[in-house]
């Protein structure tokens, strides 16, 4: 059962606003910090130096990068559709940040306790497709357009598998509410009965975030950064931060849906460790896995990505859903 501070019961709107500001600020700051963490981890795994010039150990590199982006010229191509061109990064950033309001970080910490939390996430993921379409088309650049079309086709395709892979979890928990899904995992995390759904969700999540090895929409060697090739300054920075926000979002959803959210391993009760600690540790692990995938895996061809989705992920997701439904019906009988 959700517990809130006594003052929050008298001031529910103020409490929700404070939670929203705190969580969203933390998410954006962590997403910005991730660029530094990714560069350091990749350098460590590849046995080379990462950023090490700005501050002790290069720890102020992210500050230097942010200042550089903020003071770059805010340029719009002459032949671009200016309104749509400016709208695209705002849509990308807004959908990424808004998706976080349904994530329960602890039993008491969360912006919105929606009964349709998962459906809200899927809705935001669907709207996010328009950001790359707007950016690709409005730039009036062939590389941008190709990147935008690739991104739209890939994202819409893998969102189908993403949604179907979630239905097994919803069927077991009996709810679309993420807080209730976490509470349903007190006896056993859903990674055990839904391992196949977990694998499909991870693959689809990486594809939806356009991260390596599914980064064909931004393939530097083929499309010169894809749909945001014409963007610079803060507009490009919003696309950049939105990508890392999505990484944290997918990692947080993996933890919430399959690894018990804020619940301690083996249902341990350790009084001096707050529930939010377990949520942060689990999420950080999967964020590191995103970075490791970039350093370890090759990029397949675009047709291979689409074939893998429709010929492998979709059948497996449907099998997982049917088997889960059959097991639930047999248990009820």
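Backbone N, Cα and C atoms are what each Cβ position is placed from, and that goes for glycine too.
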**Request:** May I ask you to indicate which of 156-176, 219-239 is given in Swiss-Prot as transmembrane segment?
**Result:** 156-176
**Message:** When you look at the transmembrane segment (188-208) alongside the transmembrane segment (310-330), do they share 3+ Cβ pairs under 8 Å, ignoring any pair fewer than 6 residues apart in sequence?
**Reply:** yes
**Request:** Tally Cβ pairs under 8 Å between the transmembrane segment (272-292) and each listed stretch (17-37, 91-111, 116-136, 188-208), then give the stretch with the top tally.
**Result:** 91-111
**Item:** Folded-back contacts onto the transmembrane segment (91-111), same chain, C-beta under 8 angstroms, at least six residues removed
**Value:** 2-5, 16, 19-20, 23-24, 27-28, 117-118, 120-121, 124-125, 127-128, 130-132, 134-135, 178-179, 182, 238-239, 241-242, 245-246, 249, 252-253, 256, 261-262, 274-276, 279
